[in-house]
């Protein structure tokens with residue numbers, strides 16, 4: 001397989017964001033001090049991150065014909081968007097976001113929109129993954145589409161024809177217990193979850209409680225073939241269990257401190273994008289995974305995520321590679 005290229009089969013949204021004094025409580029009506037529309041969607045955010053990190057990335061998603069301008073933003077970030085499906089009757093997906101002026105935290109309501117429209121030309125994993133080295137999957141599109149890509153990847157895990165693809169899964173929004181139990185985990189190479197998602201996954205698949213969520217996940221037979229298990233912990237950093245040869249190396253890294261906290265919306269997607277970019281760089285360098293190389297990739301992703309919370313917006317807050325490297329060198 002040649003130079004690394006990532007396929008992002010995921011969502012494209014418009015983020016309708018409201019600045020509020022605090023996240024609204026049940027039964028409460030509050031006034032917003034500001035409102036703006038920006039490009040977003042977990043898939044689009046990760047694709048934009050990959051582009052800004054210097055990686056080759058193709059976005060596979062869908063938008064409504066009434067609002068295709070998010071694609072212009074993706075293209076400016078270096079993302080290939082020519083294959084994005086345009087829906088005639090279904091609008092572009094929306095995320096309605098509250099941003100708290102108190103602490104920068106957010107609350108999000110999603111409108112599926114075009115993300116859940118049938119797009120047969122996008123949902124042929126064999127065709128799309130034949131020239132890809134990595135694929136990013138999330139949960140803002142139909143689950144059967146995500147599962148089809150994971151199943152295809154699983155079929156090629158032991159292939160000797162060079163078609164093996166590194167499959168990254170960030171199951172957010174989280175699946176139901178039944179969906180988690182039925183998911184084809186054998187097709188996943190890299191799993192990225194936060195603490196709450198890790199707890200849901202452990203409960204759904206029947207794992208025992210563990211002092212370390214990443215060790216609890218590693219003990220699950222269903223996840224035995226997942227080479228990278230990553231659990232983000234917000235301001236407390238992140239944990240990882242990475243397969244190094246025949247052993248799993250465990251990593252516990254503190255969070256990189258942001259200079260200020262303005263908006264946390266895009267931090268998780270920025271972290272995921274820079275993690276995948278690091279894996280793609282290792283692929284291009286033909287670099288075997290070691291604990292040290294894994295720590296380097298994770299640390300840079302953490303730095304990028306901390307920088308993202310310093311700027312308002314989701315896609316707008318993603319730092320480019322030069323800025324991330326400059327910050328990392330100062331730490």
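Cβ atoms here come from the backbone N, Cα and C positions, even for glycine.
Remember, TrEMBL labels are computer predictions, not curated facts.
Per TrEMBL, substrate is bound by 13, 14, 15, 41, 42, 43, 44, 45, 140; the candidate from 269, 312, 320 named for the same site is 269.
Binding of ATP is attributed by TrEMBL to 232, 233, 234, 235, 236, 237, 268, 269, and the same site annotation extends, among 194, 284, to 194. Counting every protein chain shown, the number of other Cβ atoms lying within 10 Å of the Cβ of residue 233 (ATP binding site) is 16.
Here the Cα atom of residue 235 (ATP binding site) is found 13 Å from that of residue 308 (K(+) binding site).
Apart from the site residues 263, 265, 308, 311, 313, 317, the chain places the Cβ of 262, 264, 266, 267, 309, 310, 312, 314, 316, 318 no farther than 8 Å from the centroid of the site's Cβ atoms, the recorded K(+) location.
Shown in sequence order, 15, 17, 38, 263, 265, 266 are the residues of the chain, 6+ apart in sequence, with a C-beta less than 8 angstroms from the C-beta of residue 313 (K(+) binding site).
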